[in-house]
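**Student:** According to Swiss-Prot, the record shows the following:
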DOMAIN    41-90  domain 'F-box'
REPEAT    96-141  repeat 'Kelch 1'
REPEAT    152-191  repeat 'Kelch 2'
REPEAT    192-238  repeat 'Kelch 3'
REPEAT    240-295  repeat 'Kelch 4'
REPEAT    367-413  repeat 'Kelch 5'
Amino acid sequence: MSENCNSRHFSWLMKSCLPNPSDAKSLVQIHQPSSTAANSSATIASLPDDLLLECISRVPSSSIPSLAVVCRRWSRLLHSPYFLHLRRRLGLLRHSLFAISTVDSGLFAADLQFQSEIASWKVSLAVSSRSVGVDGSYGSLSHARAAAIGPRVYVVSRNAVLRYDSWMGTLNLRSPMIFPRKKFAIAVVSGKIYVAGGGGGSEVAAAVEEYDPELNRWEVVTQSARKRYGCIGAAVDGVFYVIGGLKIGNETSRAVAARAYASSMDLFDVESRQWLRSRSVPGGGCVVAACAAVGYVYVLTSHAVELSFWRFDARRRGGNSGFGEWQRLKSPPLPAQVRLDGTVRFSCVGVEDKVAVVQVVGCIDDLLRRSGRGERGIRESLVLLYDTTEGEWRRAADLPEMITRAACACVEW
C-alpha cells in the first residue's frame, strides 16, 4: 500500500463528491487561480486531513473497506476517532447487538440489528483459532469480556486481547492486561476501556486498569477499596460502575460481606480519579447482569424465589436532580419462581433505547427440571429485549447455534 494516493485510486470518489458538469444548477461560480495546471485528482490528493475526512466520512458503510486499501494515509484517517465522530454527527451510524464466542475449532461472531422489522442474527465472523493466534502462547479467550468503541470490539480475556473491526472485518491481537484476571468488570468511558476486580489474587482485584486504544497500552489508574470477583461493569456520564460479585481476601465475616457485595456497586469518576459513594440495589439479592442505556444503569438481580429488574438514575449532567434514585421495573418474562444457581448466566447490553438480556450459558428447562417443575420451551441462547420507552419486554431471535458462552457488546458502525 502506498503512502500517498493517485488518480486511479480515488477516481470513483470524485464522481460522488464533485458536481455534475452537465448540470448548470449544480455549478457555482468561484474564483479561479491564475495557474490551474494541476488536474482535479491532484487537488483531491492535496486536501488537508480535515477536508479529506469530510469527504470520505459520507460514503456508505459497505465502501469503507475499499477506502482503507487506497493508501496508508486514508487507512490512518479511517482509524482516527474524528472519522467516527463525523459519521456520528452525520447520522450514518447504526447500533447492533454483537456476540462473539470461542470454541475449540475457532471464533464465531454474529450481530443483531433492531432497525429492521424482522430482526435476525447475521454471522459476521467464522475463523480458525490458529489463524488469529489465540491458541498456545496467547492464552485462551474463554470466559472473555467484550467492550466496543465505535465499530471495534475488544475481546478481553485473562491472557489475551483481540480486536475485531466490524467495518473492515479484520482481527488483530492487542496488548494484554497488566494483571491477568478473570470474571472482572469492564466498561468504556470516553474512548478508553476500564477493568476492575476479578480473580487472580488480592493485588489483581484491587487494581483498576485503563486501556488506551490509540497507544495500545494498559496502565493502572487507581486501587479499588473493595476487591470483587465475578463483578460486572457499566459506564454513564464519565463514571465507571463496578457492580455485584463476591468479596475476596482474608477479611473476617466473609460470608456476610459477600452478600453485601453481591447487591452493591462502586462508582469511579474517571476524570477526577475519585471513588464516589457506593450504592446498593433495594431489596438485596445477587446481581446477575447489568448494563447502561439512555443515562441509566439497568440491573437484573436474583433472589431466593424470583428475579427482579431495576434501573439506577446515573445522569449527573444537565442539572439532573434524580441522580442516585432506584426504580423497580417490570421483570423479564421468565418462568415464575426461577432462582439462578450459576448454571444459567445472562449478559445485559444496552442498545440505543433498549436493553438486551442474553442467555449466554445454561438451559432454563434443565434448571426447572432440577427444581421439580415440568415447564418446557425455554432452553438456551434466549434473547429478551426491554423497551425503555414503553416499559415492555419482547422476545428477539435466539442466538445462533454456534455462538456459545458468548461475550456481548453494543457495536456502533
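Quick reminder: no glycine exception, Cβ is built from N, Cα and C everywhere.
Thinking about packing and proximity, how do these listed features fit into the structure?
**Tutor:** Here the repeat 'Kelch 2' (152-191) has, by DSSP, the following mix of helix, strand and coil residues: 0 helix, 21 strand, 19 coil.
Mapped onto DSSP classes, the repeat 'Kelch 3' (192-238) shows 5 helix, 26 strand, 16 coil.
For the repeat 'Kelch 4' (240-295), the model's pLDDT averages out at 86.
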